[in-house]
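Q: As annotated in Swiss-Prot:
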- His189, Glu294: Fe cation binding site (BINDING)
Amino acid sequence: MTDHALLLVNLGSPASTSVADVRRYLNQFLMDPYVVDLPWPVRRLLVSLILIKRPEQSAHAYASIWWEEGSPLVVLTRRLQAAMVEHWPHGPVEIAMRYGQPALPDVLERLAAQGVRKVTLAPLYPQFADSTVTTVVDLAKQTVSERQLPLQMRVLQPFYEHPAYIEALAASARPHLETGYDHLLLSFHGLPERHLKKLFPKGVKHDLRAADCCHGATAEVRSVCYRGQCLATAKAFAQKMGIPDGKWSVSFQSRLGRDKWIEPYTETRLDELAKAGVKKLLVMCPAFVADCIETLEEIGMRGSEQFVEAGGRELVLVPCLNDHPEWVRVLADMCEKA
């Protein structure tokens, strides 16, 4: 075994469905300044208020999708890790979570102790956002610096419209699309508009409510516009699959709080599509590479119930890439070239 490790990093999960474990996880997640980007005193107060009721609600949601082996997100990421081993001959393949266990700093320290000297860090997020990619990369760099770990790092960059990634999405989703459907909704995780606006170059006007917000935008703007990258993923996928305009659309889910988030909202689109006569709705969640509470519970359970209550007949959740063989091959190749 050589000294070059591959480290796959995902968001994370509570250790269990207990209210105490969920509260601990939510506190770590929401206190990240890249997630709730407010001054510390305001963030602490807001998170403390959220933690009064949210842990019990979230614990119930986690319990509804929890597997015998544990958290679906962690289990599926470990399956991906196991599949990647034969595609990475340079050293160990490990996983880490930004929040919860296995903790990213601890995994980096363990790799260094094992004699690893180079790490390819792979944040498992196709699109760029401070609250996903930046927080992972910054924590990794901070850990290496503060703990004086003898590690050289290179980072897998966002791959939202990489042709091979789009091909992997197509290979994974094709069997589900071939069963027939009335409409395909590509539901991405949402973000507050201010998370995007603060990254745009000063003086740049960028309409985050436009149908194609990055049309004509500079490369600098496109590199930090999460909404535009999501739209690019969706458009590339629809073109790859030959899905005509009008039979697919994009929305953004998981809104939290009262701030303005990027639109259109998934909960709104579910009602609109049902009322427009869509009976069989397929939903994909391409911001996630592994199924998790946002896909299995928010869309697969609550979203399905909402769609049927609004007049639809059936909502079919298309699984994420998880450990699909084509995704494993594509991810290994992208990491090799990172």
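Indices start at 1 and increase along the chain as displayed.
Cβ atoms here come from the backbone N, Cα and C positions, even for glycine.
These numbers come from a predicted model, not from an experiment.
On this model, are these features tucked inside or out on the surface, and what's nearby?
A: Within its own chain, Glu294 (Fe cation binding site) has His189, Gln253, Ser254, Cys285, Phe288 as residues 6 or more apart in sequence whose C-beta sits under 8 angstroms from its own.
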Q: Over all shown protein chains, what is the count of other CB atoms within 10 A of the CB belonging to His189 (Fe cation binding site)?
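A: A count of 26.
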